[in-house]
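One structure below.
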Protein chains: 4
Amino acid sequence: MSDQINKVVLAYSGGLDTSVILKWLQQEYSAEVVTFTADLGQGEELEPAREKALLLGIKPENIFIDDLREEFVRDYVFPMMRANAVYEGTYLLGTSIARPLIAKRQIEIANKMGADAVAHGATGKGNDQVRFELGYYALNPDIKVIAPWREWDLTSRTKLIEFAEKHQIPISKDKRGEAPFSTDANMLHTSSEGRVLEDPWEEVPDYVYSRTVNPEDAPDSAETITIDFERGDGVALNGEAMSPATLLEALNEMGRRHGIGRLDLVENRFVGMKSRGMYETPGGTIYALAHRGIEQLTLDRGAAHLKDELAPRYAELVYNGFWFSPEREMLQAAVDHSQAKVSGTVRLKLYKGQAIVTGRKSPNSLYSEKVVTFEDDQGAYDQRDAAGFIKLNALRLRLLGRRDG
Amino acid sequence: MSDQINKVVLAYSGGLDTSVILKWLQQEYSAEVVTFTADLGQGEELEPAREKALLLGIKPENIFIDDLREEFVRDYVFPMMRANAVYEGTYLLGTSIARPLIAKRQIEIANKMGADAVAHGATGKGNDQVRFELGYYALNPDIKVIAPWREWDLTSRTKLIEFAEKHQIPISKDKRGEAPFSTDANMLHTSSEGRVLEDPWEEVPDYVYSRTVNPEDAPDSAETITIDFERGDGVALNGEAMSPATLLEALNEMGRRHGIGRLDLVENRFVGMKSRGMYETPGGTIYALAHRGIEQLTLDRGAAHLKDELAPRYAELVYNGFWFSPEREMLQAAVDHSQAKVSGTVRLKLYKGQAIVTGRKSPNSLYSEKVVTFEDDQGAYDQRDAAGFIKLNALRLRLLGRRDG
Amino acid sequence: MSDQINKVVLAYSGGLDTSVILKWLQQEYSAEVVTFTADLGQGEELEPAREKALLLGIKPENIFIDDLREEFVRDYVFPMMRANAVYEGTYLLGTSIARPLIAKRQIEIANKMGADAVAHGATGKGNDQVRFELGYYALNPDIKVIAPWREWDLTSRTKLIEFAEKHQIPISKDKRGEAPFSTDANMLHTSSEGRVLEDPWEEVPDYVYSRTVNPEDAPDSAETITIDFERGDGVALNGEAMSPATLLEALNEMGRRHGIGRLDLVENRFVGMKSRGMYETPGGTIYALAHRGIEQLTLDRGAAHLKDELAPRYAELVYNGFWFSPEREMLQAAVDHSQAKVSGTVRLKLYKGQAIVTGRKSPNSLYSEKVVTFEDDQGAYDQRDAAGFIKLNALRLRLLGRRDG
Amino acid sequence: MSDQINKVVLAYSGGLDTSVILKWLQQEYSAEVVTFTADLGQGEELEPAREKALLLGIKPENIFIDDLREEFVRDYVFPMMRANAVYEGTYLLGTSIARPLIAKRQIEIANKMGADAVAHGATGKGNDQVRFELGYYALNPDIKVIAPWREWDLTSRTKLIEFAEKHQIPISKDKRGEAPFSTDANMLHTSSEGRVLEDPWEEVPDYVYSRTVNPEDAPDSAETITIDFERGDGVALNGEAMSPATLLEALNEMGRRHGIGRLDLVENRFVGMKSRGMYETPGGTIYALAHRGIEQLTLDRGAAHLKDELAPRYAELVYNGFWFSPEREMLQAAVDHSQAKVSGTVRLKLYKGQAIVTGRKSPNSLYSEKVVTFEDDQGAYDQRDAAGFIKLNALRLRLLGRRDG
């Protein structure tokens, strides 16, 4: 903490914790604080954050509130979806993918405002601190980073509240006690973890879910939808053209209604521990399925299998915070090369917590009824070729069998 | 076809097609035919196959009918499930995994009976011919292989029926016309493909499903179950110890009732074409989820991520028919090494087509509430360590940023 | 052979074998033959091929002789070198990489000349037939392919000579008997295999080597050279700017003189068998080392390690003939993305069969003396960060140790 | 440093640096010091270390000197060689592989002696601190670790010498000044780095090499040797059976004489920076080549290629210090499974800095002259099979070509 800081850009939500951080930065570092509040579709109004920042003495020109929703979906969520990235077989990376964008914008503001530091409100046990800071350092190697949760002595709720009271930071009633769990939200998902979720054997209580209805309360009849893709990205819902963020929002609403995208998991954090979380990814879950559906029809086997082998690595990089790394960009280059013909329409059925693909069509389809048919294929495929194909694939196994058999 | 064959072991189902093959082998090769019928839990009675073989002139001592259900689940399905093998992101390999066992038993019978050839009823366009024959050749490099569908001129349904009638092969009424689709079944799954399924845009008709109820007709209330695992394999259901096959059968019944495990997909065959299929894997779908659930708690991150990276390769090998290959065995050795502590209990909820994990516990849990907690962890984890961790992970990105920024 | 062929483009070397094929095509298919002879730097004059084709009745406008040397190095060898592709840990893919270019040009000529077929002189046991034909089919899915060695009955040298004599094909003296081994050459390498090389325990006889001196006969003093790279490709030798082919030729001469690039190996062919070969890759061996040398300085670790993991797959694809495949192109896209800053100079020493890197420098160097120094680094690196880095990397191992220890 | 330490096991070489550490531990922690000195074939006498420890006040029963040479080669070097592990394409991991064994023995001694801490003399910028400490923590999660170079203020040579003089630590003359480079040695290799090597463009000075003669001074005639392998491990040299360590020592002497195994490289450290080093691995370089040679003959293609794809990951794990990790053990299980038949004899030629394989034979050879021969193979391989093999491999490319062409 000995470093001299002049101006710091804080990722500011307007909530109690980052308000305390704001004040603490002013006090501890005697630094001018710039606040940055991003709309990533977390479903909260942002103007109260401006009011609160003003109240805490931030100069109007030092308050940044940006609507990043389209950029988020277009440049972060969709590229990741092209890669079919899934962490540990189940998690669609909803929190992970938002961090690099926040970091990028924060650095842009720091550069513009001549700030020499950035700060965030992530704790010292989680992945988010890593994701923020790897982003900061990649985009500005000389930036100073302040992570108050790793530095200060406000280590209990009580001390935090005391600090807030002492500095006239408004505290909403429900923030006085310990929250039964903590959440993070953006347009792609809401995550919940901590306290009531800490025992991985205990079922997630109903009140933790906020983005989806309970499947048992979802409509009793299925809904059928279509999504159109162009070059690997969604472009229309039920035939209506939509921007990336509009499309994802619309899918979120559908997913919410049908109880789709709930996930209860124990995951491995980059910092070395296991944690238990509950994620709701309503629209993203539908979208990911649809993307696989259109790839089934339009992607060559060689490309598809290479993608499947690279996907866990890609997901690990995003999860660990290496979005702005050469290796993630290399994988993206490979993935994007494969998507040139991934266009067409997928039909899905939504029902009681589940989305399933029920049909797909494409002008770029590689599926050939003529070749695959059980009927007479009029010479499109010579079955005798299979004999030679098998014989040569078997040759090494036969040589092995002769030696070892 | 110039090869002289003395005795041939035929994979015989007792159905029309393999009965025609039986007769054709006798006629075309003047060979003594040994029939082998396996019970892999396909849900058909096998004694009629014996009657039919006798009727077609097979000597009683040349008729083999084996119950392979326990061996199938224990030595094929469970090892594959340990690997979390999923083909092209979605398919649980139900057909693929049965072929090597049939091939192995067929070769054992050939060796015992002094047969110089084996035959199967798979077509020349599919994967199964490859899986059968790679198995045959790996286990007996000098065996002769007869694949009638690639050789004969019975290329239409009409010709096949004519041949059957000419040779007094009984034809059940429903086999006279063209079937609207073809199926394959074993304890792990039922697959359906062809004709009415050939257009990947058309929804799978209801009458194609045979192993699961329509989720919309499934019970309106959820069912909660537990599965116990020991060293990566399921050993008990709802607290009751069960053999592998018994466990899978019980899960199949549960899955059937709740409409779980339906999959409509377009896949890439090893022989180079895309095909559209519909799979029902009721118990396997539940089991696979549960296995991931217990791994989440008991598997180290390094092991888990290595498994995730190897799984697509493993799945591809099984799909392509390379079960009896050194590389599949190498991957199995790696996977099995990881499963020593994968023991414990997983709780799942089954509802309207979906299975979800709602809890997991284990005496071998690596999850540490003490480390992960938001509360005071009493020194179990020093948050300041994270600063150094991030700094060194960022170092190369900062050097890059200085060069390229 | 029932297919009707009107016009066929033959990959024609002018040698005995392809001259026999030429005649056989005329006779067997009554087809008009177009010859295509490529200069890939194999070190033979090409005009005699024209004379011979004319002599065998080919119309002048049906004779194509192309100098593809620059295209070969620029668009095939260099992209492969960017990937550090090495097959089975040792082989630099000299034969493999030439085939797709020949196939591509052959198809271009076929399209231009309205030919409906292409033909090549590769045998039915080797990899080259696969590489040629996968190239043909990828670039023209409807082309007919004639592989005489798999079709005809000229299965012995004697029959081939008889056929040649019968059709007045000139036979040079040294072609009358069986060659003690067979070779293939292009600018990247010369391969030798067969007959005297068939026993993998027997040392390769001296007379088999044609492109390099015996290291024991190489100069007694070392030669030091430099190669300059721009964006991953060699652009200058000893400070003198050169085109790709000129650079490789110059390195070949240096490598030849110092006995560099000999390789005796047993490899696994795509068609399922092992073969023993001897390869001479003088310039390519030097170039590959130099490329790694400049990457060491300019490539980030994440990019470098990803490349190392992808390289065996890339090499396998090239070896197996899948140059024109989506998955090779995807890997190329990833590789090429990594090469943007791979520029600088590498110094090597050549001596008695060996090339070693002795220095490298670059304006894009990521090596930082300031950070790495044993001397005082003035705060560039805080050694205390390492403690946290290690602690968090160790956390999962400690949790494991507590469970299993 | 606030932690109370009672007894600490120090990895002690007897040199100046670890002697200073010894004294510093006594003083700073008031701890009882146990010294552990390992013979890993570094080529130094160890008894002087005992004398020096006694001189510095260590109790005789607290001095451990162990000959670990056989264990080192048998349980660390050979298993790694089975995996063909090479870091960043060139480095044979000579330093990396020694660290886990030292860590393991240190923990064993700590457990036996009731010590609560271990200490090592690695600096805060290098990989070795990570390798030591990951080993410590994996084997004893509760051990305390002291890394004096990260803690103390003896940050310059001058201060270190002053401390030594003040505490009567003997200082040999050549240690008074700054060494021009630093080295580490064991039976597998000697590494050199720092100061005179810090500019990666400057050639390594002759005087830095200590384990090999300059190739230009090596004998003018080649030496031919044979190595016998059993199940993947070397067992005999020139027909004479040898223990692992004896074999490696003998190869080291041969390598030394012929100037084999020198490597000048820039590598990527785990801690995030690039460093330049010079390695001499005389015997290991020969051994690694020989192992690949015997695998060429005895390993199936599927196994070999899987090994090639896994090798970079395995090497990275060893380099980064994750020897005692589940994922390294999983990879080892896969590798070891592949080695059951890797037995036979390899012949190599050693000459002027280079080792090359010139022949290999094995009772388990998978090479079949009968199949591969250019002569009549009497039906061992049907060339017409290749047509079908190619056709089906091409099918997907043709479907692509029809769509995109």
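Every residue, even glycine, has its Cβ placed from backbone N, Cα and C.
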Listed in TrEMBL for the L-citrulline site shared with A:Y91, A:S96, A:N127, A:R131, A:S182, A:S191, A:E267, one of A:Y137, A:Y279: A:Y279
Residue among A:G114, A:G121, A:G124 sharing the ATP site, where TrEMBL lists A:A11, A:Y12, A:S13, A:G14, A:G15, A:L16, A:D17, A:T18, A:S19, A:A38 as binders: A:G121
Rounded inter-Cα distance in Å - A:D17 (ATP binding site), A:E267 (L-citrulline binding site): 25
Binding-site residues in contact range of chain B, given that the Cβ distance is under 8 Å, out of A:G15, A:Y91, A:E267: A:E267
Distance, A:G15 (ATP binding site) to A:S96 (L-citrulline binding site) (CA atoms, angstrom): 21
Per-region confidence, the domain 'Arginosuccinate synthase-like N-terminal' (A:7-170) (mean pLDDT, whole number): 96
From binding-site residues A:D128, A:R131, A:Y279, the one whose Cα lies nearest A:S19 (ATP binding site): A:D128
Binding-site residues: A:G15, A:G121 - member with fewest neighbouring CB atoms within 10 Å: A:G15
A:T123 (L-aspartate binding site) and A:S182 (L-citrulline binding site), Cα-Cα, nearest whole angstrom: 12
By Cα-Cα distance, the member of binding-site residues A:S13, A:G15, A:Y91, A:G121, A:S191 nearest A:D128 (L-aspartate binding site): A:G121
A:Y91 (L-citrulline binding site) versus A:A11 (ATP binding site) - Cα distance in angstrom: 25
Spatial neighbour of A:N127 (L-citrulline binding site) that is closest, considering only the binding-site residues A:S13, A:G15, A:G121 and their CA atoms: A:G121
Euclidean distance between Cα atoms of A:Y91 (L-citrulline binding site) and A:G15 (ATP binding site), Å: 27
For A:T123 (L-aspartate binding site), nearby residues of its own chain (Cβ under 8 Å, 6 or more apart in sequence): A:Q129, A:W149, A:R150
